[in-house]
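Undergrad: Can you read through this structure? Questions will come right after.
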Protein chains: 4
Amino acid sequence: MKNMKEYCGVFGIYNNPHAAYYTYLGLYALQHRGQESAGIAVFDGRKIVYHRDFGLVSSVFSHRILEELKGFTAIGHNRYSTSGASDSPDNIQPIVVSSRIGKIAISHNGNIVNALLLRKKLEDEGSIFRGTTDSEVIVHLIVKSKAITFEDKIVDAITKLKGAFSLLIMADDKLVAVRDPWGFRPLVMGELEDSIVFASETCALDLVGARYIRDVEPGEMIIVSKDSIKTIYPFEGLNCRRSQCIFEFVYFSRPDSHIFGKSVYSVRKEFGKTLARENPVDADVVIAVPDSGLVPAIGYSEESGIPFQLGFIRNHYVGRTFIKPTQKTRDISVKVKLNPVPDVLSGKRVIVIDDSIVRGTTSRKIVRMLKEAGAKEVHMRISSPPTRWPCYFGIDTPTKDQLIASSYTVEEIAKFIEADTLAYLSLDGMIKAAGGRECGYCTACFDGKYPVEIPEEIIEQAKKES
Amino acid sequence: MKNMKEYCGVFGIYNNPHAAYYTYLGLYALQHRGQESAGIAVFDGRKIVYHRDFGLVSSVFSHRILEELKGFTAIGHNRYSTSGASDSPDNIQPIVVSSRIGKIAISHNGNIVNALLLRKKLEDEGSIFRGTTDSEVIVHLIVKSKAITFEDKIVDAITKLKGAFSLLIMADDKLVAVRDPWGFRPLVMGELEDSIVFASETCALDLVGARYIRDVEPGEMIIVSKDSIKTIYPFEGLNCRRSQCIFEFVYFSRPDSHIFGKSVYSVRKEFGKTLARENPVDADVVIAVPDSGLVPAIGYSEESGIPFQLGFIRNHYVGRTFIKPTQKTRDISVKVKLNPVPDVLSGKRVIVIDDSIVRGTTSRKIVRMLKEAGAKEVHMRISSPPTRWPCYFGIDTPTKDQLIASSYTVEEIAKFIEADTLAYLSLDGMIKAAGGRECGYCTACFDGKYPVEIPEEIIEQAKKES
Amino acid sequence: MKNMKEYCGVFGIYNNPHAAYYTYLGLYALQHRGQESAGIAVFDGRKIVYHRDFGLVSSVFSHRILEELKGFTAIGHNRYSTSGASDSPDNIQPIVVSSRIGKIAISHNGNIVNALLLRKKLEDEGSIFRGTTDSEVIVHLIVKSKAITFEDKIVDAITKLKGAFSLLIMADDKLVAVRDPWGFRPLVMGELEDSIVFASETCALDLVGARYIRDVEPGEMIIVSKDSIKTIYPFEGLNCRRSQCIFEFVYFSRPDSHIFGKSVYSVRKEFGKTLARENPVDADVVIAVPDSGLVPAIGYSEESGIPFQLGFIRNHYVGRTFIKPTQKTRDISVKVKLNPVPDVLSGKRVIVIDDSIVRGTTSRKIVRMLKEAGAKEVHMRISSPPTRWPCYFGIDTPTKDQLIASSYTVEEIAKFIEADTLAYLSLDGMIKAAGGRECGYCTACFDGKYPVEIPEEIIEQAKKES
Amino acid sequence: MKNMKEYCGVFGIYNNPHAAYYTYLGLYALQHRGQESAGIAVFDGRKIVYHRDFGLVSSVFSHRILEELKGFTAIGHNRYSTSGASDSPDNIQPIVVSSRIGKIAISHNGNIVNALLLRKKLEDEGSIFRGTTDSEVIVHLIVKSKAITFEDKIVDAITKLKGAFSLLIMADDKLVAVRDPWGFRPLVMGELEDSIVFASETCALDLVGARYIRDVEPGEMIIVSKDSIKTIYPFEGLNCRRSQCIFEFVYFSRPDSHIFGKSVYSVRKEFGKTLARENPVDADVVIAVPDSGLVPAIGYSEESGIPFQLGFIRNHYVGRTFIKPTQKTRDISVKVKLNPVPDVLSGKRVIVIDDSIVRGTTSRKIVRMLKEAGAKEVHMRISSPPTRWPCYFGIDTPTKDQLIASSYTVEEIAKFIEADTLAYLSLDGMIKAAGGRECGYCTACFDGKYPVEIPEEIIEQAKKES
């Protein structure tokens, strides 16, 4: 099953004559959150029309297709999945169904840890499923709810869910935004003239020209309708602590976005500064592994006083179709993407900043490239703590035994990647740099403290898939 | 809604190491029954994998895709729908769902006249629908059935249906073939080494090299499993008369096929012979509108003694992408497909055979082309009676007021299409040529006697759509 | 080199506001003469713009591309070559070059037997060649001519050529049509309102709605300019006999065309009648291998009184992308295209008409299919004499040793293809059916009497290529 | 004509079993020099095979195509042209022709200013041209030369040329590299095991794993053959000064490359440092317009002590197919590519570094974006002098009257682009930063001093085209 391994970006807009086009722009800005497939569903006051396909936003939508998506309310979705080729078109979102309460469209970012359980129960009651995503479970729960109003049906459904869900639901001439009570994934609200806009990150608001109003709060459900914007808190009484994904700052969100009320750029730079204070080393130059290492590298440079340089040039023309050599003599997969700048590196003691180490093999290639380009010493600094635990809330990480840091010490890893020294940001330093414990972060991938209990079957399943 | 306007071809094979490839071949042979989309689902003993897309069989499947469809049992489907562009991928078959009784795949040819009613009821009970086809209703009925065994669930479901359904259902390591008790659409059974094969027409058996065993009988349900081939008659007691679609002989089936236990070629030729006896005319040459007019024209020629010639050459390279002239001075749409042969026509009294007249506009173009090519007289002969009533059982016909024969007399039509004379095959003559009344045919499109009562809402809906 | 193996279709129009569109239509009608690539060049009074690509006319041209081809004079070209994949885009026609006499575009159908010699001479003088076609030689000869006027340059060039050339040349605000003095390949002239039209066959005139005026005569050069249509005979004095390709009637031209002043349909039917007289056999039914066998089969049936039936149904959906079985147990390549009609064949003595036998392997598959479908006897009749000699004038035939008829007797071939009897049309019968010796035909592929001496190197080259 | 407006990248390799694949890699690394079309020609000891098409290297070549390009010597070419759609496939390089001296392939980077004159002369002598590029002229000159040896023919040809040409010529089992005597465009030589490699920039050597040997010198011609690497200086005696394009450092070459014997990164950073010394301003942050502004911005920051930040995030998913809004209310073209980081900019005095200002309209959009993102002051600094003169040697610049700096003062431009201050790098500062006058640079785009006299017709033509 694919449902454990998804990143996603969501976007929605209510009451705008160019709803589909703005959603297209919004998905464009959120493309980094999912490149596998894209979709837009539009409500025209009477029916929902939609278009979805595998591919980047720019290839899924054409001028003609956008013109056919007529309507005043729209939601969109970018999706990432780990095995595109064999994936089913039935999994592409937004999901659109018809039911006794009419047409419903839904865009979901996150991962529901009790989805299998709920799905089994629904199947037992006679429900059928087309795809394999968690998201389909949510739709069934809404439709099957015995509550009277549309909003109460949603409340009924979402209070059954455990895990991560930033949701946009379009039905009944309303646009509903929900963020799970833990607040795992981001979701922001903005306004554009008379329209209300929701997006995974503020960079999407910026591109469509919308003004940021505020975050959708963890546990909040916002119902936008013709006459009102109403907010309710369906999870009150539920005993749960705020658990916003701190990894969004490390790698996933775009540096020009604000999420969880904070600038990604500033937090990420603070990671670099803290890293420099915690793990100083005498060197000639600070460089980054582009792109997510750039901002912490600037922070590291500022704090340490060691000059920042562009040690790698990224090839912008690398597509999915790069042809690998048939002769297996040389490894070229990283080199086509990242080209070291000999003049910056030759004869230098180099600090290189990367956001994380997963299996260690890419890091080793990077260290080797730097040394081949003439670096005298290579000191790798990682702008997050060692990643030791898999994520079950919507970020694709390998299982524990594939995470190098869960089996090896920092010294052993340093040796494996052939770096002269290796150091990580401390967990405390990271939390402090992100605003402190009072902000409420999920750091499970670093410390294994999952805010929601993970069912055994989910853990087993994840192992089998990877 | 699109569900009233579908032709389809189905194919299935049980217990064959090349199941996907044979299904590909079978769909290839059945391409004339639907060119809009194609799909194959394969069961490998554990799970169902599938591939579906818009387009011809040859473009939907590649060598690589077929290789990924590993398994020993497969079903496939070709589909035709009237408005491809705006059609939803959710409507492409086989439908594959997961449910409490596991994975189920279904291929359906025909049209269920009480589908809207059943769908509404299912929705009221909380079911959700992805697409707009009748076929999705069948899957829901099977899954929701309270019967214990898989077979009983199918029986439960299909006995609720009114209308046309030749079905292939794959689940539970079984392949089930069903033909509705009226027997509207064809469905044949064959064998290929140790495998059992089902197909809409025998031409698919021929291409895969299977031996024809017999037709699936109207009202019969055949369950193929590891150990047995079992047949049951779930509709016994239902008061219904055999109503096999006689139009399959006129136009839809391929002349090299056997359906309803008869050779399409022979029946179609007999139509031509009867037409000649019923409507003789003094002339120099008999020609056909290719391709469905060819066989009756040969029959007409044989009976009348007037020589048969190729009056039209069909352009094999006409694709969907023919660019129409921007200057609207000349009508070219028929002419690019059919090119008259002046030498056959010039100065001649010409009998031209076509299978039917729908709106009359194409017939008029044909008569004009013949006269421009030098025909002295044009006598149009139609190898079926006047089409006066819409079909609700799976053939795409316009509504009554668009059918020229439902508003005009034969003389008026002759005048409209500018033919010197026009004559149709008689209904009695047609039935006799097809084996007589005892064979049990649906002739509703000619006489309005629908074997199943058509709900008012279906009639209304059909009007709106056309 | 590819230059020995080309069929082609040419079309041109002078002085028409829709020149590109009519040329598109003309190429559409001539698609059977070449399916590998297509191109159109248009003159707008100042410059020549063009578009060319691999593929069918319908895929090479879009609405947008046609709109960009603005101008009043146009020429087009369809090309067939035997090895598409490795073929060079530099060979696609029309060839368009710029030179001291301005821009020139040329479309060529046929094969120049002294092209290699001329090319070598031109290269020796410093000319460079992009592609490998004969046609490029003609352009060089025109441009290098020391004659003063454009027309004299063309005369200078074409009088150096030996072999087959039906040419359209566009330059200097003129459209020039040339047919070689032997008249190997067809070329006709028509008029459409104020425009002059040229085409390989009259079926192209018919589709654009032009009136046939007459054939361009062998050895004639027609210069169409603003003020006049001038005709000259540059080859007068050259001792050569008219040698029109009789194989155009057998297979290549479309039955609705007139070429060499005769109806292809009528000549082809006469082939069938003569064949019946020369080679009668007692049988129950006459069938054809579609499509080129259809018309002679009708002739054979008329003459013999044995009824004509459609013994094969052609699958219209066979594209280039048919996936062959990986298990090599059964031969399926012919069967996907041609489906025998069991009801026509079963228990019958069958006469099957084909246009020619090349290697014999396809014929054997056809005989086997007929027998598998139940034919009691199969009598193959070929509507042309045994093909024993390769063509060097523009038809793609294998070398002598690959032509089964050049090494085996009719009896031996009959045995090889497993037919009960086999008979060919006689050469005399064929010529008589095509109007008699006075019409002047090239029958070299049957009798080896080449109207132009074939240089040794051409023969050698042809051997190497096949 | 398109020949005045081309960038290009060239690559060649001699004597390698993976010649085509290495050339593919080399073109991949040089993709930034031309994105319109790509091609590779390979010599297999007997003949030249080639593949060329419009598009990026990654889309032009597939695994299958590379495998068909068998041979030990290869040259490749990336091309940029200003009007892709209407461009002719005849212009895609390498040009491959056959001639009296056999097959020749040529890849050319640069622009020949006397090409029109030479072309006219060649046409007068009877040569014909397929495309519109300068490069075709070179091939003709080589072939028409009366010199005896292949090398002397090349010498004969290239000594007739005036302007920019870095050439790779493959013929006669040799690979020849030429750089014009002015040395306008770069060309480097490397070695990979037993193979000799040539490339526009060293980044291509790095990717294929070749070792840089040295630059091909201005005026040098290197002939690589089986037995030897020979160098000759065909232009000796020609009175011309070394004129290497200094703009290659500013914008065009990749920062990880060495060209003209210097590190692009180092020179570009030195531009930034000099700019800081020449044009200091009190500010809070230095940012860059990515990507070419990044390195000088780092230099500016280092020199000024004002911290460098990432003020813009570049969207990596912007393709050619971005759909523009139909409502023209907001300008979005720059914003989809560059997203300002509010947190870096808000309330700050910002120095923004760009490489050049052409028309000024993009700069104005950038200033506006920065101010909208909260910048208090925007000080634009340009890492080159004002661009006042068009380039005729291979860089696509608009005509004089479209270059804002040729008509307006720096103050006027500052006002137009709405910057608080604007300053450029001085010409002297630039030359010094690039190593001093003794290195020999062409600075014509800044000072109008063209190293080669530009024919009047070229100037006129350039005006007409833009």
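Placement of Cβ uses the backbone N, Cα and C atoms for every residue, glycine included.
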Undergrad: According to TrEMBL, D:Cys245, D:Cys442, D:Cys445 bind [4Fe-4S] cluster; which one of D:Cys8, D:Cys391 is listed for that same site?
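TA: Within the candidate list, TrEMBL flags D:Cys391.
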Undergrad: Which one of D:Ser263, D:Ser266, D:Ser292, D:Ser426 goes with D:Asp354, D:Asp355 at the Mg(2+) site, as TrEMBL has it?
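TA: Checking D:Ser263, D:Ser266, D:Ser292, D:Ser426 against TrEMBL: the Mg(2+) site match is D:Ser292.
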Undergrad: Cβ distance under 8 Å to D:Asp355 (Mg(2+) binding site), same chain, sequence separation 6 or more: which residues?
TA: D:Val250, D:Tyr251, D:Val289, D:Ser292, D:Gly293, D:Pro296, D:Ile382, D:Ser383, D:Ser384
Undergrad: Given a separation of at least six residues and a C-beta threshold under 8 Å, show me what packs close to D:Cys445 ([4Fe-4S] cluster binding site) in the same chain.
TA: D:Phe247, D:Thr387, D:Arg388, D:Trp389, D:Pro390, D:Cys391, D:Ile395, D:Thr397
Undergrad: When you measure from the Cβ of D:Ser292 (Mg(2+) binding site), how many other Cβ atoms are you left with inside 10 Å?
TA: 22
Undergrad: Averaged across the domain 'Glutamine amidotransferase type-2' (D:8-227), what pLDDT does the model get? Just tell me the whole number, please.
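TA: 92, rounded to a whole number.
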Undergrad: How big is the gap, in Å, between the Cα of D:Cys442 ([4Fe-4S] cluster binding site) and that of D:Asp354 (Mg(2+) binding site), rounded to a whole number?
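TA: Here the two Cα atoms lie 21 Å apart.
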Undergrad: Determine which residues of the same chain, besides D:Ser292, D:Asp354, D:Asp355, have their CB within 8 A of the center of the CB atoms at the recorded Mg(2+) site, and list them by sequence.
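TA: Here the non-site neighbours turn out to be D:Val250, D:Tyr251, D:Ala288, D:Val289, D:Gly293, D:Pro296, D:Ile353, D:Ser356, D:Ile382, D:Ser383, D:Ser384.
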Undergrad: Can you tell which of D:Cys8, D:Cys245, D:Cys391, D:Cys442 has the least company, meaning the fewest other C-beta atoms within 10 angstroms of its C-beta, among these recorded positions?
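TA: Ranked by other Cβ atoms within 10 Å, the recorded positions D:Cys8, D:Cys245, D:Cys391, D:Cys442 bottom out at D:Cys391.
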Undergrad: Going along the chain, which residues six or more apart from D:Asp354 (Mg(2+) binding site) have their CB under 8 A from its CB?
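TA: Residues satisfying the criterion: D:Ala288, D:Val289, D:Ser292, D:Gly293, D:Ser363, D:Ile366, D:Met380, D:Arg381, D:Ile382, D:Ser383.
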Undergrad: Taking the centroid of the Cβ atoms of D:Cys245, D:Cys391, D:Cys442, D:Cys445 as the [4Fe-4S] cluster site, which other residues of that chain lie with their Cβ within 8 Å of it, listed in sequence order?
TA: D:Phe184, D:Ile246, D:Phe247, D:Phe393, D:Ile395, D:Thr443, D:Ala444
Undergrad: What does DSSP call D:Cys445 ([4Fe-4S] cluster binding site) in the simple three-state scheme?
TA: helix
